[in-house]
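Colleague: Copied straight from TrEMBL:
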{"type": "BINDING", "residues": "A:Tyr15, A:Gly42, A:Lys109, A:Tyr132, A:Asn188, A:Asn288, A:Arg384", "note": "substrate binding site"}
{"type": "DOMAIN", "residues": "A:35-401", "note": "domain 'Aminotransferase class I/classII large'"}
{"type": "BINDING", "residues": "A:Tyr72, A:Ala108, A:Lys109, A:Tyr132, A:Asn188, A:Tyr219, A:Ser247, A:Phe248, A:Ser249, A:Arg258, A:Asn288", "note": "pyridoxal 5'-phosphate binding site"}
{"type": "MOD_RES", "residues": "A:Lys250", "note": "N6-(pyridoxal phosphate)lysine"}
Number of protein chains: 2
Amino acid sequence: MYQVNENYLKLPGSYLFSTIGKKVAAYSAEHPEKTIIRLGIGDVTQPLAPAIIEAMHKAVDEMGHAETFHGYAPDLGYEFLRNAIAKNDYQDRGADIQPDEIFVSDGAKCDSGNIQEIFSLDNKIAVCDPVYPVYVDTNVMAGRTGTYDPKTERWSDVIYMPCTADNGFAPELPKETPDLIYLCFPNNPTGSTITKDQLQVWVDYANKVGAVIIYDAAYEAYISEENVPHTIYECEGAKTCAIELKSFSKNAGFTGVRLGYTVIPKELKCGDVSLHALWARRHGTKYNGAPYIVQRAGEAVYSEAGKAQLKEQVGYYMNNAKTILTGLKDAGYTVSGGVNAPYIWLKTPDKMNSWEFFDYLLENAGVVGTPGSGFGPSGEGYFRLTAFGSYENTVKALERIKAL
Amino acid sequence: MYQVNENYLKLPGSYLFSTIGKKVAAYSAEHPEKTIIRLGIGDVTQPLAPAIIEAMHKAVDEMGHAETFHGYAPDLGYEFLRNAIAKNDYQDRGADIQPDEIFVSDGAKCDSGNIQEIFSLDNKIAVCDPVYPVYVDTNVMAGRTGTYDPKTERWSDVIYMPCTADNGFAPELPKETPDLIYLCFPNNPTGSTITKDQLQVWVDYANKVGAVIIYDAAYEAYISEENVPHTIYECEGAKTCAIELKSFSKNAGFTGVRLGYTVIPKELKCGDVSLHALWARRHGTKYNGAPYIVQRAGEAVYSEAGKAQLKEQVGYYMNNAKTILTGLKDAGYTVSGGVNAPYIWLKTPDKMNSWEFFDYLLENAGVVGTPGSGFGPSGEGYFRLTAFGSYENTVKALERIKAL
């Protein structure tokens, strides 16, 4: 008789955003008269930029003619896209990353969930707390996290690095030595970030203790301040200790288009074993590439027109962030984030816990956010709002919150 | 110090089609004057049907306007697509599959590689031999296959079910009881298939011994004979023992578009644990859906115009299959397949082994095929040609082969 993967049964509750979706759907069904404003899940609302639409139409036409039809994509992704990424996201910033160190994928969620597969099950992970739930959940599914204690809401074999107001939402080097370190800056969910000097400390630490940093730079496009690194490869020595994950979801509105990439430098080795070769093997065996049309859309992100249009789009969302940040401050909330990131992180008022505040806000203001505790125990008492709504809805949501 | 997943290091050689790609590229570079005809990898060559192109243009336009923009897709896929699949691929054939038992994905390769994750590492798999390499390789990566014996080219913990001329390329029930049984009909690589009565024997067996059948029906559209099942759910009792994988790559030419789906009936349970719930959890945690544009393209496959156009496209490839089958027979080859499948399976002549014949055909006829031994030890001495080339190239390839 077959058996299931028992690690799945250890997961407490369902995936955070599935839970929120169900809760909101149930509330909507009960209160069809209420208009709900969704500032919960980090989904974008602005349409794709004209340069991208144009590129996609062109690619669709190509697929309609035998001479220009495209079947299976190359294992690592099309060169035209990998060249554009290497040049724009790395070489132009002084980071020496080559096109053949880039693996194009259908998004950073898949990559951040799958990357753990190339590592031993005995490896110990370290995560910020609070953190994007995918990092921990996928390690739970693989059987790398030990047992769950519902009281502390912690896994026995995970190293938690609290990020709270006390340390400015920046993790400190862990006391216990980890094998894999997940870092995400600008951070989801707190919206905070760290300087290049601070990131250099992590790179030096990883090289010293023999750890790999899995660096999620999905929100890089929102960086507005100087001295905040746009890629971990700006740091000395990162190529021997870091994997970087990037997404097109937030800088180009691709949440429904699906495109991302992972960088694994060829210097990154465990003894003689190249992590690049392992990931290439996974890509070749378990994946068949992002659609040609989508890879052409990705290329358009780096065109002159695309860059200008997306700068405007990011500016639009950052104006929302400012609106939320200012509005919440005016209403007396303690807030952070929202300057180098599209997320605003607020302290729940009146000692409400995160889910209590979720219900309170949904029922009294018709506004959906994300409970901080959904991202980890140190997120308890916090709440995340996103800047990805429309400007009109963002203004309306803040008016409702202020009126509470 | 971190460690890698040592199971990856056990894999002998690289992924089959990556190896072929590199070999052909090297030969091409050395002989730029030769025109090579590729009948190796199962990639299609005909352009997308007009109904699909039209649907994609429309969806691209929708993505360009805020009112019709689509962000993250629902976890299981859009209802419009799941409804069309349930009706056309199942209910119209008398198989009672509901839309919420269908999980839309970016292709059957990913699904067939990832599905093993929801099962225990102690489970034993059974595979046909020869077989699509992804089934075994992904179980190797997970650590489910024991040790590899380079002499026999077999893994110690895999049950091999030989499919050779002796048994008409139809596997017999294994002597040792498996937990997971991978079946693919119409078969890749042999192009053979089994009747509904024969498949019923497998369903009854799986229910009796407590095994799950992972049924890969990627080539279903090529079935031309009666009494060959189009889905495993035509068989009594399949809903308590079978998962079905489907692809849009071969019936609609989506190898570069990326769309597939997996069916997990809600009745399929291991004790109290629903496999549907486990797969839903994986989908929610590690995946973010197929692109909206691609799901609309999938919907168009089921439109009246789409159906008519794709029937013609499949007919085009099956005419190629007939051309290959007849041509090879005329040239004195022993061949099978090609009637209910786009693959022709031939016995290599003059006691050449599979890779010898690969080199022979590439060097002397400029034709690329796939060595049977790449699909498993019982594929040694066989060779696969695909019907997915253009008609002109297929005719030319056969002329070259006949002239040898």
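Quick reminder: no glycine exception, Cβ is built from N, Cα and C everywhere.
Please situate the listed features within the shown structure.
Modeller: Neighbour list (A:Tyr132 (substrate binding site), Cβ cut-off 8 Å, at least 6 residues apart, same chain): A:Ser112, A:Cys184, A:Asn188, A:Pro189, A:Asp216, A:Phe375.
Every protein chain shown contributes to the tally, and the Cβ of A:Lys109 (substrate binding site) ends up with 25 other Cβ atoms within 10 Å.
Within 10 Å of the C-beta atom of A:Lys250 (N6-(pyridoxal phosphate)lysine) sit 27 other C-beta atoms, taking all shown protein chains into account.
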Colleague: If proximity means a C-beta under 8 angstroms from chain B, which of A:Lys109, A:Tyr132, A:Arg384 count? These are the binding-site residues.
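Modeller: Qualifying residues, whose Cβ lies under 8 Å from chain B: A:Lys109.
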Colleague: For A:Ser247 (pyridoxal 5'-phosphate binding site), which of the binding-site residues A:Tyr15, A:Lys109, A:Asn288, A:Arg384 has the nearest Cα in space?
Modeller: A:Lys109
Colleague: Which binding-site residues from the set A:Tyr15, A:Tyr72, A:Lys109, A:Asn288, A:Arg384 come within 10 angstroms of A:Lys250 (N6-(pyridoxal phosphate)lysine), judged by C-alpha positions?
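Modeller: Qualifying among A:Tyr15, A:Tyr72, A:Lys109, A:Asn288, A:Arg384: none.
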Colleague: Are any of A:Tyr15, A:Gly42, A:Lys109, A:Asn288 (the binding-site residues) within 10 Å of A:Tyr72 (pyridoxal 5'-phosphate binding site) when you go C-alpha to C-alpha, and if so which?
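Modeller: Final answer, ordered: A:Asn288.
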Colleague: Would you kindly give the Cα-Cα distance separating A:Ser249 (pyridoxal 5'-phosphate binding site) and A:Tyr15 (substrate binding site), rounded to the nearest Å?
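Modeller: The separation of the Cα atoms works out to 19 Å.
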Colleague: Give the three-state DSSP assignment (helix, strand or coil) for A:Lys109 (substrate binding site).
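Modeller: DSSP assigns A:Lys109 (substrate binding site) to helix.
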Colleague: Check A:Ser247 (pyridoxal 5'-phosphate binding site) against DSSP and tell me helix, strand or coil, would you?
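Modeller: Where A:Ser247 (pyridoxal 5'-phosphate binding site) sits, the three-state DSSP reduction gives strand.
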Colleague: Mind computing the max CA-CA distance among A:Tyr72, A:Ala108, A:Lys109, A:Tyr132, A:Asn188, A:Tyr219, A:Ser247, A:Phe248, A:Ser249, A:Arg258, A:Asn288, which the record assigns to pyridoxal 5'-phosphate binding, rounded to whole Å?
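Modeller: Among the residues the record ties to pyridoxal 5'-phosphate, max Cα distance equals 34 Å.
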Colleague: What whole-number Å value do you get for the CA-CA distance of A:Lys109 (substrate binding site) and A:Ser249 (pyridoxal 5'-phosphate binding site)?
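Modeller: Approximately 10 Å lies between the Cα of A:Lys109 (substrate binding site) and that of A:Ser249 (pyridoxal 5'-phosphate binding site).
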